[in-house]
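S.K.: Structure provided below as structure tokens; questions to follow.
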């Protein structure tokens, strides 16, 4: 196998106009591969550390020149000569160099950039697609796209508390048809909003961001859009939410729709919402440290709804193991930059799957044209991907990559569809 001959790092811009890290890895057989690192807006307290410069005179303190320098000065020389196929050894070497539990010395953005670029280079050198290189011969399942078509919370300048209102086209026969139906509902929603004189400006992830009287009003608008687009709600298309509850949790209470609520009251709200709407998945319904609340909600509705831990788990195997042991949540959101290396991400997915937890591959609100997570979704067979609305190049780049993968797989391709949500039963 080809060995690492050179590594180049640079500062580029993400979809929010903030700097992020891009890395190129060159091998001795002439292969060159590139990877860019995403960045979140609502971040969990237990995520690996994304290193920012803090120099207010440069990119308002958000520069990543230090992370780039760490790659050039502390990582490059240590990895020259490694076989690119030795992903686990390479990732472990970077963790050893860093020497911290949260990657605060080198920066998770530095480590991840190198980790992903190495994997891409190894795949290219082996003349394999990334999903086939990582997933082997059984990588054939196309994920359900969880399209965030109405944005609130930290992703939008609106009064809507819930961060993401998503549609999942579970009734489509193929990924291509799922993407088409999602795009048609997205455009229908814009028409519905305009007809009601509601704002059609976009949030960070390409979804519309109107001010609304209640969070349930968002679901009513999307339901109208689904019908307008000619689809059946609950059968063709279902709902999913990312509440990001940590964002409105303080001093033991949740400030939701203008009122202070307990974990029990929030759980009751979600139960009623699930009774009224075809919701298959709720992400981060409670705060990242409210373990007892998570246990109660999972026991209450976990048999019929996917309860997803994002800030709760931060793609960290140790926190996922605790969630499994304590029956808190029944699914894991997977974000490569939360844990900060490819092998740790794959370990997290493996741990979740072995425990019967579902996994949802996810982007971040600050994205680039990098399509790695599309390949990862197929490689891991997770059956679900969350990468924003079917709009804006940073979002559709992932959807378009999945179209290419489905086309390449041809008759071997399978679309996850309703099978991705075994707990959900349509009315």
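Heads up, the Cβ atoms here are built off N, Cα and C, so glycines get one too.
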S.K.: If Swiss-Prot gives 242, 283 as binding Mg(2+), which of 204, 220, 310, 311 does it give for that site as well?
M.R.: 310
S.K.: According to Swiss-Prot, 335, 364, 365, 386 bind (2R)-2-phosphoglycerate; which of 87, 92, 163 is also listed for that site?
M.R.: 163
S.K.: Of the binding-site residues 163, 335, 365, which one sits closest to residue 283 (Mg(2+) binding site) when you measure Cα to Cα?
M.R.: 163
S.K.: Could you tell me which three-state DSSP class residue 335 ((2R)-2-phosphoglycerate binding site) falls into?
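M.R.: It is coil.
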S.K.: At its widest, how many Å does the recorded (2R)-2-phosphoglycerate site span between Cα atoms of 163, 335, 364, 365, 386?
M.R.: 17
S.K.: Please work out the number of neighbouring Cβ atoms within 10 Å of the Cβ of residue 364 ((2R)-2-phosphoglycerate binding site), leaving out its own Cβ.
M.R.: 27
S.K.: Since the record lists 163, 365 as binding-site residues, which of them has the fewest other Cβ atoms within 10 Å of its Cβ?
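M.R.: With the binding-site residues 163, 365, fewest surrounding Cβ atoms within 10 Å: 365.
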S.K.: For residue 163 ((2R)-2-phosphoglycerate binding site), identify the closest of the recorded positions 205, 242, 310, judging by Cα separation.
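M.R.: For residue 163 ((2R)-2-phosphoglycerate binding site), the closest Cα among 205, 242, 310 is found at 242.
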